[in-house]
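Taken from TrEMBL as is:
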type	residues	note
ACT_SITE	LYS160	active site, nucleophile
ACT_SITE	GLU231	active site, proton acceptor
ACT_SITE	HIS235	active site, proton donor and proton acceptor
BINDING	GLY10, THR11, GLY12, GLY13, ILE14, GLY227, THR228	NAD(+) binding site
MOD_RES	LYS160	allysine
Amino acid sequence: MDDIRFAVLGTGGIGRRTLEVSQHKDGLTAVAACDRNGVAVDHDGLDVGELLEATEGNIASGPDEASDSTPATPTDDYASDGGAAAVEGGGVKQHGDEAGIVASSQGEPTETPIDDIIAESDTIDAVLLALPNLEHDFIPRVAERFAEADYEGVLIDVLKRSRVIGMLDDREDLLKESGITFVCGAGATPGFLTGAAALAAQSFVEVEEVEIWWGVGLKSGYEDNRGTVREDIAHLDGYDIEQAREMSEEEIEALIDDHDGVLEFHDMEHADDVLLERAGICDAEDVHVGGVLDVRSDEKPTTTTVSVTGTTFDGETGTNTFELDDATSMEANVNGPALGYLKAGVRNNRAGHYGVFGPADLMPGF
Ligand code: IKT
């Protein structure tokens with residue numbers, strides 16, 4: 001496949017790590033990136049090393065992930081610029097007014113970062129939406145803006161919540177008309193682990209249950225992943241999205257203290273369920289996602305495992321399992337697959353396949 005020229009919207013943990021991982025992959029050239037204050041574009045290829053160095057130090061705590069539930073009450077800025085202020089997290093304590101991308105020698109200040117990228121998108125093959133999804137329909141609305149500008153290429157996100165998939169499906173005609181291949185839920189879960197479940201299901205003629213159980217040790221990556229932690233908290237008993245969004249950093253620290261640094265989650269609303277149902281593999285209600293997050297250790301507190309139980313054509317019941325190594329980090333397991341699915345998206349886009357695709361519909365490139 002020819003060189004893929006891609007952009008990243010958002011330079012929080014996921015945006016930055018994706019840029020970093022792309023340096024170790026063939027055929028990927030980062031040509032644009034933006035955050036809430038600035039944009040960097042170089043059609044010959046960004047100096048990713050310089051950009052990472054410039055943004056690493058100056059980005060403070062706060063929601064920074066492409067989460068669909070994490071942050072914040074939309075601000076006036078957000079409303080008036082159609083999302084620009086949301087690029088780095090919108091209204092809660094966050095990267096806020098700190099320099100971000102404008103600290104890079106390649107960065108230019110802007111009040112309309114997303115529009116600036118859209119204006120450059122003619123020669124961009126793929127755009128990773130590493131944005132906080134302030135409201136559940138935020139990422140779908142960003143996709144709409146690309147479609148309205150007649151963008152022809154790949155949009156890819158690492159959103160988590162099941163309910164967002166339907167909102168993308170509602171916009172599928174618009175995306176198809178524009179020539180957009182939208183790859184949704186392309187991180188680890190949903191994403192890599194959904195794809196693994198789809199493969200593990202192939203032994204069976206009927207799938208009874210899919211169990212995704214993840215383990216993450218985050219000590220050294222905590223600062224970069226505060227957004228993910230906040231989002232995960234929304235899945236704890238007694239918490240919801242609004243509460244998690246409103247919590248101060250101090251309240252989050254206190255909650256983590258109460259749990260001795262280890263948070264356990266069950267029955268998370270993760271889109272693996274609707275994405276597996278969409279791919280015809282099983283009913284959404286038969287998919288369960290949970291896991292353990294240790295914010296005080298780099299060791300995974302549990303082995304990440306996907307178990308698919310089903311019945312074979314000859315009447316046997318079995319469970320196929322897929323395990324990640326305890327030594328591979330969340331960063332490797334989210335951003336590697338995101339780039340793999342980005343490559344698959346471009347392959348499909350170049351073949352004229354437009355619309356909304358999930359990680360169980362595509363085999364990621366390497
Ligand atoms: C995600 O970002 O995909 C979800 C997070 C879990 C990542 C699992 C990685 C597993 C591993 O590295 O072994 C979490 C739900 N925020």
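Backbone N, Cα and C define each Cβ position, glycine as well.
Caution: TrEMBL annotation is automatic and unverified by curators.
It is HIS235, among the active-site residues LYS160, HIS235, whose Cβ has the fewest other Cβ atoms within 10 Å in the structure shown. Closeness to ligand 1 is met by none of the recorded positions THR11, GLY12, GLY227, HIS235, no Cβ falling under 6 Å from the molecule. Of all the Cβ atoms in the protein chains shown, 28 others lie within 10 Å of the Cβ of THR228 (NAD(+) binding site). In this structure, the CA atom of GLY227 (NAD(+) binding site) is 13 Å away from the CA atom of HIS235 (active site, proton donor and proton acceptor). Neighbour counts of Cβ atoms within 10 Å were taken for the binding-site residues GLY12, GLY227; the minimum is at GLY227.
Of all the binding-site residues listed here (GLY10, GLY13), the one with the fewest other CB atoms within 10 A of its own CB is GLY13. If you take the Cα of GLY13 (NAD(+) binding site) and the Cα of LYS160 (active site, nucleophile), they are about 15 angstrom apart, rounded to a whole number.
Largest Cα-to-Cα span within the NAD(+)-binding set GLY10, THR11, GLY12, GLY13, ILE14, GLY227, THR228: 14 Å. Classification of THR11 (NAD(+) binding site) by DSSP places it in coil, neither helical nor stranded. Neighbour density for ILE14 (NAD(+) binding site): within 10 A of its CB lie 30 other CB atoms from the protein chains shown.
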